Structures are given as C-alpha cells and as structure tokens.
Amino acid sequence: MSISFDLTIDDTRDQLARHARASLEAKPSLIGMSREEMAAALIAAGVPERQVKMRISQLWHWLYVRGVSDFADMRNISKDLRAMLAQHFTIARPEVVEEQISQDGTRKWLFRFPPRGAGRPVEIESVYIPEEGRGTLCISSQVGCTLTCSFCHTGTQKLVRNLTSEEILAQLLTARDRLGDFPDKDTPDGAMVPAEGRKITNIVMMGMGEPLYNFEEVKKALLIASDGDGPSLSKRRITLSTSGVVPEIYRTGDEIGVMLAISLHAVRDELRDILVPINKKYPLAELIKACREYPGLSNAKRITFEYVMLKDINDSLDDAKLLVKLLQGIPAKINLIPFNPWPGTNYQCSDWEQIEKFADYVNAAGYASPIRTPRGRDILAACGQLKSESERLRKSERLALEAMMIAGHGE
C-alpha cells in the first residue's frame with residue numbers, strides 16, 4: 001500500500017482521508033502470526049474449528065515454503081476458502097522502494113511498510129551479502145534506534161517504532177522473492193548468489209535497531225524463521241546482535257536459542273559509555289557475566305564479539321590486551337570491523353597495519369579474530385551505515401502525510 005504525493009494538499013484531502021481510514025481498518029496479515037494466533041484468527045473469520053489444524057498446515061507451507069503472496073496461488077485450498085481468506089487477511093509483501101547493487105554483489109533494499117494505527121508509512125533497509133557457499137541477510141528490527149552509538153549512522157536516526165513480527169519476516173520473504181530463492185522463482189541475471197542450494201543460508205539481526213528492545217516480536221519472527229515446517233533455517237545459522245541489553249540476553253538463550261553477537265567496541269567502561277551509551281545502564285561487568293552464563297555456550301556455540309576499529313580511539317595494543325583479559329574463558333570469536341565512514345561522522349578507520357597488529361595479538365591469545373571485509377560501502381550498506389529514508393522525505397511528502405493524518409482524525 002502506497003500513496004502518490006504528486007498532488008496538491010487541497011485537491012487530495014478527500015483521497016488522503018479515505019487512505020487514513022483504510023489504514024486504520026487494514027486487514028491483519030497472516031505472516032508473522034504464531035500457530036496459536038493463526039488458529040484464533042481463522043476461527044474468528046469463520047473457519048470450522050475441526051479444520052483449523054489442517055488449514056494452518058496448508059497456509060504455513062504456502063507462506064513459508066512456497067513463498068506465495070496471493071491467496072489465489074494456494075492451489076490445494078478451495079476457491080471459496082481462498083476468497084474468504086482474502087476478504088479477512090492479507091499476505092502482501094512490503095513495497096520495494098529501491099534496490100541497490102554494490103560492485104561486490106551486495107544488495108540493499110529499501111522497504112516501505114504501511115501505516116500502523118494512526119502512524120505513517122515507514123521505511124527500513126535490509127542487506128544481502130553473498131559469499132562463497134553462503135548468503136547472509138541482514139535484517140532490521142526497528143525503524144530508527146534509541147541507542148545513539150556515536151560511530152553508527154543508524155544511531156543518528158530517532159526511533160520511530162518497533163517492527164512487528166510480520167515486518168521482520170517480510171524482509172526475509174521479500175529478499176527470497178527478489179533472489180529467486182523460492183520454488184518456481186528465477187534468480188535475477190548476473191546476481192551473485194551461492195552456486196548451489198539456498199540463496200539465503202544465514203540471517204543476522206544486525207540491521208537497524210536494537211533487537212532486544214523489541215524482544216517479543218523478534219522472538220516470534222525468529223521462531224517462525226527456524227520452524228522446521230516453515231523457512232527451516234537452523235538456529236546455528238541465525239545470529240542476534242545486541243549492544244548489551246543484559247536482562248534480555250538471558251531470555252534470548254532460554255526462549256529463542258539462536259547464536260549471540262555482542263556489539264562490544266570498547267574494553268573500558270569510560271570509553272564504552274561514549275561509543276555505546278547503553279553501557280551506562282549495563283556496564284561491562286554485567287554484560288560479560290551474562291555472556292558467560294549464556295545457555296548452550298560451548299566451542300561449537302561461540303559468542304561473536306564485534307569490535308569496530310576506530311583510529312586512535314580503541315585500536316591500541318593495550319586495548320587488545322584488555323580485550324583478551326576481558327573475554328578470558330568465554331568461547332568466542334572476535335570480529336574486527338574496519339570503520340565504515342558515513343556523511344557527517346568525525347571518526348576515522350584505523351590504519352590497516354594497526355588493525356593487523358591488533359588481530360595478530362588477539363589471534364595469538366587463542367581467539368579467532370577475522371578482519372571483516374567491508375561489503376557494500378559504495379551503497380552505504382556496510383556495518384553501521386544503514387539509515388532509512390524516512391527522515392529524508394521531501395517537504396511536500398511530509399506535508400501530504402500530515403494532511404492525511406489530520407483528515408483521517410477529523411472525520
């Protein structure tokens with residue numbers, strides 16, 4: 001659902017009012033519902049209770065295995081039931097506003113989701129990173145972010161709202177559409193994807209937002225993504241990255257059970273307070289304690305610690321020594337991330353020689369410490385560069401949106 005803004009405010013007031021009312025009365029999506037929620041929704045829509053289990057099984061297969069986005073394509077469901085489902089529910093994909101392809105094959109999509117309640121349409125970014133033998137989709141959990149990490153582009157955008165489980169899963173489903181990763185779908189000509197098997201083999205909750213500040217919706221989405229009768233992604237291939245929301249780290253291990261990544265970036269509280277301000281609430285001692293107690297932690301299920309390399313800020317050998325000491329005894333991998341510049345930042349990337357010295361010290365201490373190859377820099381798709389276009393709407397679009405909401409509330 002989208003709006004054309006190439007109209008004057010006076011001429012479009014009635015259209016905008018109708019759109020606002022339609023937004024408030026939008027049909028619920030079946031995507032992102034748990035089986036229990038779907039059962040309740042189907043019964044409320046008139047599906048006989050004795051049929052519900054079978055219908056959920058059919059819908060689950062069509063939505064998550066076959067990847068259909070129109071009830072009409074569900075061929076083993078009667079025409080009458082398909083019509084009833086279409087009357088009460090939607091399974092539509094978000095609007096793909098823009099798709100950018102980097103020189104290295106990385107793809108970035110700008111997705112637009114319809115309003116929620118009295119809100120306005122929102123936009124988020126997702127990134128696909130092809131590698132030898134696998135393809136990773138970086139998914140967003142919020143529109144904007146509250147954490148204000150000083151080196152992160154997304155952190156400069158205010159939080160608009162949390163994404164729903166539907167919107168989180170829609171990023172995966174739409175990316176699979178675009179890559180031809182569903183049966184009977186074609187891969188775009190020239191697309192860089194794994195030669196065999198799935199195009200999307202891994203997902204990482206490392207896009208816009210702090211996933212653990214949207215715990216319930218993220219949990220619901222990831223449990224569906226790992227469902228053996230649905231997308232069927234192994235929990236070993238799903239990584240949730242957090243800046244350190246300590247109480248929910250424990251819940252993540254107990255209730256979701258996916259791989260954990262920590263946006264660390266500093267080994268001294270006084271510096272991390274600046275780089276990652278949530279450290280003031282959950283300092284390093286509390287964060288590391290939660291990591292040591294993460295359920296299932298082992299050499300086969302290591303925690304990934306992300307460490308952005310900032311010139312003359314956190315890249316000294318003393319920092320490397322403190323890092324090794326801090327993580328002692330934790331099965332871990334340390335991703336060293338060359339800082340990815342973005343417009344307006346005051347930080348610089350560490351010199352490559354210094355990054356290698358840092359990596360050599362950490363590696364010699366027994367920790368895998370790969371230097372992450374920057375991907376998608378030319379399309380602002382690299383780590384720390386994501387930022388939706390929602391804050392960059394043209395003035396005319398903002399005015400039209402405001403008029404739409406005013407008109408809707410004035411009826």
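Even glycines carry a Cβ here, placed using N, Cα and C.
Other Cβ atoms within 10 Å of the Cβ of GLU125 (active site, proton acceptor), summed over all protein chains shown, number 26. Swiss-Prot lists GLU125 with the feature active site, proton acceptor, giving sequence analysis as the kind of evidence.
The feature active site, S-methylcysteine intermediate is assigned by Swiss-Prot to CYS383.
Over all protein chains present, the Cβ of CYS145 ([4Fe-4S] cluster binding site) has 25 other Cβ atoms lying within 10 Å. Residues or ranges marked as [4Fe-4S] cluster binding site by Swiss-Prot on the basis of sequence analysis: CYS145, CYS149, CYS152.
Counted within 10 Å of its Cβ, the other Cβ atoms near HIS265 (S-adenosyl-L-methionine binding site) come to 24, all protein chains included. Mapped onto three states, the DSSP output places HIS265 (S-adenosyl-L-methionine binding site) in coil. The S-adenosyl-L-methionine binding site feature in Swiss-Prot is assigned to GLY209, GLU210, SER241, SER263, LEU264, HIS265, ASN340.
Annotation comment: Swiss-Prot describes CYS138-CYS383 as disulfide bond. DSSP assigns CYS138 (disulfide bond) to a strand segment in the three-state reduction.
The domain 'Radical SAM core' annotation in Swiss-Prot covers 131-380. On the 0 to 100 pLDDT scale, the model's mean across the domain 'Radical SAM core' (131-380) is 92.
Distance noted between the C-alpha atoms of ASN340 (S-adenosyl-L-methionine binding site) and CYS152 ([4Fe-4S] cluster binding site) is 9 Å.
In this structure, the C-alpha atom of CYS138 (disulfide bond) lies 9 angstrom from that of GLU125 (active site, proton acceptor). Counted within 10 Å of its Cβ, the other Cβ atoms near CYS152 ([4Fe-4S] cluster binding site) come to 27, all protein chains included.
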